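**Student:** Can you keep this structure in mind? I'll have questions shortly.
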Amino acid sequence: MELFHHIKSVRDALGKARAAGKTVGFVPTMGNLHNAHLALVQQAKQHCDVVIVSIFVNRLQFGLNEDWDKYPRTLQDDAAKLREIGCDYLFCPEEGEVYPNGMDAQTRVIVPSMANVLCGASRPGHFEGVTTVVTKLFNIVQPDIAVFGIKDYQQLAIIRRMVEDLCIPVEIMAGDIVREADGLAMSSRNGFITAQERPRANQLNQSLNWVKQAILDGRRDFDVLESEAKKQIETAGFRPDYLSISNSKTLEPAANDDTDITVLGAMYTEAARLIDNVSLSVVN
């Protein structure tokens, strides 16, 4: 596996790969890799000749009171994991390489219809930071395929919309959620869950699945279902951020006649904010 810190090195290596007729798969990450990240890399390997992973803790997508400075930097371990599963290239730029003119002067990419709801409502500017850095990474790597995890469903939907709107020639693939044995979605932020909270930390997943089953059983009182699910989370000792029954494509509140629905939620533990989602198809 080759390790790059500079854009020119990435472009040179991938240019040679393309000249040899190879397809390029890309998995952008912020590092602190776990099995869910590695599954995305393996998925990219199944569909492309060479795979590049980026590790960049993007300060532009963190809010003022968020955990950018606390986000784990584990490059040595991450590189070892990627090398073990056969990743071809690892791109780890410094902030000045990605934002040479500084973040305040950086041109921004915004998906206005989807970025200010759900996670975007409680994390203003977050998705603007995501779409800006992903656009830059797409321009650097120019992948044939990019793989994003379904756990970050809103991010996935926004990236798909951005690629469509800006005519970016990349296929976006979705990687399934990887879960712990009790249903908790794997996340780098799970390390902030306390030992006392951990046995109850799967409550968000349980409440989302409870809503899913209720809809499949015929309930269409979506507002009531959302409120009841939030109460379940509160009863378990956590603070719900949001729980929304949404149209899977637009992320707008689901209508009674929608057939593709995603139930998304976020909750706060003592020191972490966890997100999760479940999707379902409804026959009306």
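Yeah, the Cβs are placed from backbone N, Cα and C, and that goes for glycine too.
The active site, proton donor feature in Swiss-Prot is assigned to H37; the stated evidence is sequence analysis. For 30-37, 149-152, V178, 186-189, the entry in Swiss-Prot reads ATP binding site, with the evidence type sequence analysis. Residues or ranges marked as beta-alanine binding site by Swiss-Prot on the basis of sequence analysis: Q61. Sequence annotations record features per position, and here Swiss-Prot assigns (R)-pantoate binding site to Q61, Q155 based on sequence analysis.
Structural setting of the listed features?
**Tutor:** Within its own chain, H37 (active site, proton donor) has V27, T29, G149 as residues 6 or more apart in sequence whose C-beta sits under 8 angstroms from its own.
If you take the C-beta of L33 (ATP binding site) and look for same-chain residues 6 or more apart in sequence within under 8 angstroms, you find I55, T74, D77, D78, K81, L82. Look at L33 (ATP binding site): DSSP puts it in coil.
The Cβ of Q61 (beta-alanine binding site) lies under 8 Å from the Cβ of G125, H126, F127, E128, G129, V130, V133, each of these being in the same chain and 6 or more residues away along the sequence.
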**Student:** Take the Cβ of S188 (ATP binding site) and count every other Cβ within 10 Å, whichever protein chain it belongs to.
**Tutor:** 18
**Student:** To the nearest whole angstrom, state the Cα distance for the pair M30 (ATP binding site) and Q155 ((R)-pantoate binding site).
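**Tutor:** Counting only the Cα atoms, the answer is 14 Å.
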